[in-house]
Every structure is written in C-alpha cells, then in structure tokens.
Amino acid sequence: MSYFLASCLGVGLLSTVSCSLQGLTSHYRENIPRFKHVANERYEVFLGDEIKFDCQTAASKISAFVEWYRNDKLLKNDQIDKDKIRKDNNRMMLHLKNIDVSDQGLWSCRVHNAYGQISRNFTVEVIDFCDYFLFPDIHHLNIPMECVCLWKYNKEAKRSDVNYAAVTGEVCSKYASRMINRARKPLPMIPCFGDHCKEFDTTPVSDFGLPGKPEDDPLVKRVVLKKDDVIVPVHDSEESPSESRTEFINADEKENKEDEEEDYSVSQPVAPDAGLTELNITAEEPPYFKSNDNIVLFNETHALPAGRTLKLNCRAKGYPEPQIIWYKNGKMLKKSSARSGGYEFKFNRWSLEVEDAVVADSGEFHCEALNKVGSAKKYFHVIIVNRMRRPPIIVPNILANQSVNINDTATFHCKVVSDLLPHIIWVRINKINGSYSYYNNSAEEYMFNYTEMDTFDKAHVHHVGDESTLTIFNVSLDDQGIYACLSGNSLGMSMANATLTVNEFMAIHLLTGDEPKIDRWTTSDYIFTTILLFLLLAATLFGILFMVCKQTLHKKGFMDDTVGLVARKKRVVVSKRPMNEDNENSDDEPSPYQIQIIETPITKKEAARKQRKRMNSENTVLSEYEVDSDPVWEVERSKLSLVHMLGEGAFGEVWKATYKETENNEIAVAVKKLKMSAHEKELIDLVSEMETFKVIGEHENVLRLIGCCTGAGPLYVVVELCKHGNLRDFLRAHRPKEEKAKKSSQELTDYLEPRKASDKDDIELIPNLTQRHLVQFAWQVAQGMNFLASKKIIHRDLAARNVLVGDGHVLKISDFGLSRDVHCNDYYRKRGNGRLPIKWMALEALDSNVYTVESDVWSYGVLLWEIMTLGGTPYPTIAMPELYANLKEGYRMEPPHLCPQEVYHLMCSCWREKLEERPSFKTIVDYLDWMLTMTNETIEGSQEFNDQFFSERSTASGPVSPMESFQKKRKHRPLSAPVNLPSEPQHTICDDYESNFSVEPPNDPNHLYCNDNMLKNHIITPETSQRIPSNNNSMSKPEF
C-alpha cells in the first residue's frame, strides 16, 4: 500500500493528481462480467416446490456464456431431465421443478467471456412438511395425523409428547401415498394396512420414482378433540376414510410460480386443559406487516446509483391472502405504466423491481395490502443518483492553507465525491536534503518523501462518510510544512494539498504617554482644496452652457429642415456593385450587388397621409422605407394570410401563412418580417438575405424562395414551409431519456430564433432511428452545400439550427443572413461588427476573419458531430476564451457514442488546420453516397477506398490526431444498427443562443463551461474576439 501511494504521489506537487491502479487496465476491468441482481444463495423449500436460480449479468458489449454445475459437476444437456430442469440461456436462469429429496445440495453457475469469469453458488435444503410441527410451541393435539403416522412407521419418535401406541393401521391407511412423498429419505418399507396384514407386517420397497405432487383432496373436515386424547378424525358423513382428510394448516400445495418464499400458517393452538372444542381451519384477519395496526408501519429510504436494480419488498400477511397494489407519487402503477426511457416495472408477488434504475425513477413509492377484512400500507423514499466511473474527486476550496500561532490547533478538512467507496488518508510531504521527492531505483520513477499522519501522537484523523478532518494539536515550528489528503478507489487515486504556516511570538512595542498634538491641515492643503472646488464649479457651469446651446441649435436645424417639408421618403435601392482595383470586398456587403438608401423630400400633405396610414395599419417606423419591386419575385399582399407565429428574434419574426397561388390552389408558406422595434440595419440585412435567395436558385436541399412583398408597406420574404422545424430540435426529439432544453425569452439575440415545433405542428418522429438515417441526413446537407459552393456562395453560419426538415424528412439549408457571394475572390474578409457563431467557425476565420468554402467544410464537420449526437452542443466542456488555443494545439472533439468509424474519419478530415487538406463538398457527397450504397460486408472489406480517402489528407508532422488514435480502437458499426443512447447521455444539450460575454470566466481548470451564466459562449463580436489570444502558451489546455 505504501509503495502504491508513493507511486501515485510522485506525479506532481501542489496540484490535483490522479493515479490508476496497477494490474488490470480499466478496459479489461469494465468488460469482466458482473451479476445484474443480488440473488438468494440459500433456498429452503418443500417437496414439490419450484426454484429459479438467477445468474443474469448486466448489459455489456461483450457476449457472455453461462454453464451450470451440480455438486461441482457440469450439467450436460444430454444428462438433464427436461421435464424437471429447464435452462434459459438468454436470461441465464435455471428452473428446477417438482423438488424432491435428491435435489438437495449444491448448485452453481459460471459466467465467462473473453475478459474473465464469475461464479455463484446456490444451496438447496428440502424441508420435510412434518418438520414444521417439531416446534415445541405447537401443541401435540394440532399435529396432522399423517405426520404422526410417518414418524411411527419411519421409526423416528420426533415428539415425545405423542402417544404413538394409539396410532393404528386403520387410521394411517389413507395417508400411505402421502407418507412416501413427505419422507426426507425413502421409507425402508411400505406399510400394509387391512385385516389380512399383521399390525406391523411390511412389504419391501422395490422401486422409488420421482415423487409426484401430493394428491389434492377437496374434502376438508372438521376435527373434534377431547382433553388428553390422541387425534382421531370424526367425519360428518359415512364416506370412506380414503375420500376425506383432516387439515390443520392453511398450506398452499400448488406450485409457486413466484420467486419468493411461500407462507404457511397454522390454526390457533388448543390449550391442554380445554374441553370439547371445535377448531376452525383458518381465521380471517386483516393484512399486517409486524402488528395488526392498520397504520403506516414502515417508511424506508432507498438510495442507490443509476444502473442498479431497485427492489422494494412489501411482504404482508393476513387471511384471505392480501392483494398488493403499488403507487408512485400517489398514482397507481400498472403493468402498462411506462418508465422513463421505455422500460417497464416488474411486478412480483410480494415485491416491485425497477431494473436499470435512472434518476427519473426517484420519488415516493408505497404499497397497499388489501383483503376483504382491511388494509395496510408501507412507504418507500427512493433516491437514484448518477454513477461516476472515475477516481474520487476531491472537492476544491475545502482543503485550504492554514496559518496558526504556536501552541494553537490546526484543522484541515477534505471532502470527496465518489460513486465507489473511497479510502482517505492524510500524509505530510517531507523535505529531505532540500527536495520533496527522491528517485526510486526499483520503481524507476520519482516519489515523494511522506509520512502518514496516523503515526503522529498529536494528530487526530476523523472520517465521517465522504468527509475527513485532520486536527493537529499544540502545533510547533516543526509542524510547519505541506499536508496532503489522498483518496482512492478501485479506479484510481486523487490528491490535494495545503500548507501549514506557524507564526512565532513577536515583540510588540507600545507607545506610552500623551499623543502629541499635530496640526493636520497645512497651508498647501487649504490652497489645493480651494482650487479643486473652483474647478468643479467651472465644470458644472460649462456643462449647463453646453446643453443649452445644443438644444438651441437642434431646434434651429429642425425648423430649417421643415420649411415647406415635414419628412423625407427613403428608398432602398439594390444595384450592381462596382469592383475595387484590388479586387477585394471593402465591407460586409456581398460583391455582386450593393444596397443603398436614397432620401427624397415629400410635401406636408403626403407626409400627413403616410402618418394616418401608419397609425391605422401594422406599419412600423420603417414604413417610410420603400424597397424597389422586382417583377419576377413580387407577390401580392392580398394573396398572403398570416396564420400564427413560428419563431422570433430581437428584431425579426417568422410566421406561418397561406399563399393563394391561383383561385383553387392554396399552399402553406413561411413569411419573414421585421418587428416594430427594428432599425435600418436590420432592414438592410433582410434585403441582403432576400437577394442571396434570388442569386442561389433552386435545389432540393436548399430552402426555396417563393417570392417577396416590396414597395410601400412592410417587407415580406416568402419561403417554403418546413413543418418539422430545424434539424437540431428534430434530432433532440428522438432522445428518449432527457428533457429537451427550453429557451427563455430573455435569451433572445439579434439573430432570428430558429423555428421550433409548437403544439400546432407535431414533429413526425422516425419510429426506429438508425445510423443510416443519420448518414442520410449528412448526405443531404452535403448535397446542398455542394450546390452552394458551385454557385460561389459562402454560408458562414452552417449549423443544425439553420437546417430545416421538410416533408418526407428532406433537409433544407436556410438562414442566409451571413452568406456572401465570392464570385470574384473565392474568399471573403470580415470587416464589420456583426456577430459570429464561433463554435462552428474554422481556425482561419477565428484568426484572420477570412472565410472560404473550406471554412464551410469545417462548419459541416461540426454539424456532422451534432447529427451523430442527436443535437448535442459542440465543445460543451471548453470555455470560449480557451477554444482557439486548444484548436491550434491540435485538440478535436472526441467521437460521438457508437459513431461509425467512417463518419468520424470524415469529421476529422473536415477539421484539418490547412485549408487544402480538407475535402471538398463534392468529395464528401461521393464518400457518403458510397457509405449508403455499399452493404455492411462491403464496407468492412473495402478499406482500400477508405484509407485512400483519408491518407491523401494526412499531415506529415504534428501531434497524433484524434482520427488516427480512434482508427486503431474503433470497429465498424453497421448503418442498420439502431441509435442507442446511454442511460446517462454522454453529450450535453446546452443553449446555443447567448448574448455577448462581458465577464471573464473564473480561473478554475475543473469548471465545465456548459450553459454557464457567467460565460456567454456562443456568439462574439470582433471586439470581444480579441480576448482569444493567439499565443498558445498563454492558454491552459484542459485535460480530456
């Protein structure tokens, strides 16, 4: 243990470190089989009962096999009596029916796979029915006659208070067959009853087969007992004794189909001094657990990690046998009641099982036992927490440096978070020969010099759960130094340390006598104060004078402008843009056209008419702007009818509308329009997007422009309607186990909010979503981007939120508010102050504000990652100021859960740092088309095409990319495989729309910046982008 601690401590000083256990790697340890349930390994059963041996294992990627043994000998299929023993290899269970004496002993199972094996033993003990009446509390008059006869003919006088001499062959004759079945061992002889037999004449036993089920006799009689008399059955009729039987217990002799122990109860005992008495076979009583009070008897709390099986027991007694009803949070549970994720509740006879429990299964459960006499309840408080398969986490800021005086007490606190049971110790790091570490020749590594604090007499260590406290009493200068808290479990170890500083006693000089009187105000102080007051007065007078002059000039200028005129009309003119000599765009506008605002004066009469029209309609402040009409795309306003709003942003709205193309043809469309609070800049942006739609043309995977409403009145841009909303929300709707992220109205930005499905438009989900569907989505987007690239259009904002899902799940690329036409240059340089989505931006765009088609390829790789994670948020654990530095150092996102190897290769090739090494959209379309058309066997066998595609883009130097390391470990996954998300999702959903971050993130390397309120991490402006330093050394790369 000490050597292992020293090896772990040798990693580093004054920082949290982790150390993995030596021996099995985590890869092997996680794949060793483990049992799913905690099984009962000892069974005490009666003859004729049934047993189920459970060796089921938890879900794993590695197939496991089970073998069954009887007394350490393998049970082969040809040696098994199939009528008695049945194997269930799928559920890894063994069913043993019709228990007889020969089944008593050891049964075991062994589960194994390629990584290891586990075993479980079961002990079976057959309890004789008559052994129950050996308890001294049961009066001898209540013992069934068949048991007395069995003990007599088996020559086992097990009860000394029974008069065996009074038991005759006539009384025992009707129990002959039952006596054989009840025997723990075969009787040495079969009793012979009748006049022709002697009293104890016997016939040798020749053969004993497997005992069958005891005969069920429906005739149940009453018994009349006399004081101190033997048991003699008295019949109500003259029926043959063999046709009736005496029953003293309420024993259910039918086969128990449940996996729980059967209840047996006896009638009320008869006192020895009782007279002639009639006994009832059973007595009605209400359900109860430990008492007969119909009140809440139990209130249990069950807390366990996710993935375990939760079992709530509600074993109740009573007659008639109670019926159990389960409730969760006050609602009755049925077999049709659904759990989170599509799982079902498992109802046993006396218990409720919740397999693979998740956090959503937490809540208040209670069971109610009912019969016709009464009821009883039992309550359970269930808490399910997520598992953490990792070494312990030492909570930061708990263990802090201490500074105390000599002879005082120093106290250090350490708190650990761990799913597994952690082990915590305290050590002191010693400095020997000027160094805290030394080189261990046998281990060939540096280790710390340390001493465990348990060996110190004046140190006390106290553990309470996951918290530990180190207390050092009567500290001295020798105790000054570094103390560390070490915590470990089966997955590794973590360390945190703090420094203890001991203060010596210092001499304090105290002044005595009266304090001298000193004049605090000197002549220079008076002069300085006077000058300051004069300057403040002068500044105040100057400010008042400035405001008065400004108001006067403003009023004069307004009067001059309104002489004969009251307003100006502004026309939005779109014309061809003249090219500069350097053939480079000079601002943010697209190159083929330019948008200008031309003002023309209007008369008072025309201005008054416009003012009345504005007040009586939906026109906004922008009503004085008129956009030149385009006859090719113009749509009459009278043919549009707005239905309801689909989405909105800070200055824009998207409405669902109906467009009447002809008298008899009416279609549903989407209309983009500006809000009343919009300004001139937003109008120009909407006009720019409209012109981009006109330049692009039509393609199946690009949102189609239907027309626009220009001229006098608000500007409407009419596009086709995609009823399933955007791709991000469509994919998140297929997530079965998590809440969909909702966006509050306070998080709206200047961008138009992506359309989200409302109650009026239900998303048509794909019933069985497979990897082929996801690759099909990626192929459609690549086709649309290939079309835009052929048109020399740079999208600049390619993301899942800007891809819409139409009829038949056809994807449409939309939102061209940031798109630019680069017919002349093949690139575009950003010079304005617009906002940009940095999570989807390429390195060259973050570094130099340069955008090319290859920049869209980078964004396509991020969108592909969103598709494979069903709408996950990229870089959820990296703060935005650190993103650029991490990307420059070679970091790329890890492969999504169960992502095919070929798809992740494609992502990594899109994230190449050099532009020329990224594939074109034409190459991406061909590659995805190859994946969709080839069969699974062909994909695995056609590595030549796959290797050639990626080898052409491999770099000659630099760190190993995630693609190369992933290629060595990942296996091919067929596209027909279902998309199985883990019970606890690996890819977080964070809100993608945030405002500009104005607060620097806290200096905490362990903090996960996912939807952090202190860090707005989606969109930045060029001013705030300067906070991303270009020097890689100044940024700390987080650990992954």
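Glycine too: its Cβ is placed from the backbone N, Cα and C atoms.
The structure displayed is predicted, hence computed values, not measured ones.
Annotated domain 'Ig-like C2-type 1' per Swiss-Prot: 33-125, in sequence order.
The domain 'Ig-like C2-type 3' annotation in Swiss-Prot covers 391-501.
For 640-931, the entry in Swiss-Prot reads domain 'Protein kinase', with the evidence type sequence analysis.
Under the three-state DSSP scheme, Asn121 (N-linked glycosylation site) falls in the strand class. Residues or ranges marked as N-linked glycosylation site in Swiss-Prot: Asn121 (among others).
According to Swiss-Prot, the feature N-linked glycosylation site maps to Asn280 (among others).
For Asn299 (N-linked glycosylation site), the number of other Cβ atoms no farther than 10 Å from its own Cβ, over all displayed protein chains, is 11. If you look up Swiss-Prot, you'll see Asn299 (among others) marked as N-linked glycosylation site.
The Cβ neighbour count for Asn401 (N-linked glycosylation site), using a 10 Å radius and every protein chain shown, is 12. The N-linked glycosylation site annotation in Swiss-Prot covers Asn401 (among others) and rests on sequence analysis.
Counting only same-chain residues at least 6 apart in sequence, those with a Cβ under 8 Å from the Cβ of Asn407 (N-linked glycosylation site) are Asn474, Val475, Ser476. According to Swiss-Prot, the N-linked glycosylation site annotation covers Asn407 (among others).
Residues or ranges marked as N-linked glycosylation site in Swiss-Prot (evidence: sequence analysis): Asn433 (among others). Over all protein chains present, the Cβ of Asn433 (N-linked glycosylation site) has 6 other Cβ atoms lying within 10 Å.
Asn440 (N-linked glycosylation site) carries a strand DSSP state (E or B). Annotation comment: Swiss-Prot describes Asn440 (among others) as N-linked glycosylation site, evidence class sequence analysis.
Taking Cβ-Cβ distances under 8 Å and a sequence gap of 6 or more within the same chain, the neighbours of Asn449 (N-linked glycosylation site) are Ile429, Asn430, Lys431, Ile432, Ser435, Tyr436, Ser437, Tyr438. What Swiss-Prot records for Asn449 (among others) is N-linked glycosylation site.
What Swiss-Prot lists as N-linked glycosylation site is Asn474 (among others).
The N-linked glycosylation site annotation in Swiss-Prot covers Asn497 (among others) and is backed by sequence analysis. For Asn497 (N-linked glycosylation site), the count of additional Cβ atoms within 10 Å of its Cβ stands at 22 [all protein chains shown].
The phosphotyrosine annotation in Swiss-Prot covers Tyr828 and is backed by similarity to another entry.
The region 'Disordered' annotation in Swiss-Prot covers 234-267 (among others).
Under the heading region 'Disordered', Swiss-Prot lists 952-984 (among others).
Comparing C-alpha positions, Asn433 (N-linked glycosylation site) sits nearest to Asn440 among the glycosylation sites Asn299, Asn401, Asn440, Asn497. Taking the C-alpha positions, the distance from Asn299 (N-linked glycosylation site) to Asn121 (N-linked glycosylation site) comes to 33 Å. For Asn440 (N-linked glycosylation site), the nearest of the glycosylation sites by C-alpha distance turns out to be Asn497; the candidates were Asn121, Asn401, Asn497. Asn121 (N-linked glycosylation site) is 52 Å away from Asn401 (N-linked glycosylation site) when you measure Cα to Cα. DSSP assignment over the domain 'Ig-like C2-type 3' (391-501) gives 6 helix, 65 strand, 40 coil. Cα of Asn497 (N-linked glycosylation site) to Cα of Asn121 (N-linked glycosylation site): a distance of 46 Å. Counting only residues at least six positions away in the same chain, the Cβ atoms of Glu41, Leu106, Trp107, Ser108 sit under 8 Å from the Cβ of Asn121 (N-linked glycosylation site). Between the glycosylation sites Asn440, Asn474, Asn440 has the most other Cβ atoms inside 10 Å of its own Cβ, all protein chains included.
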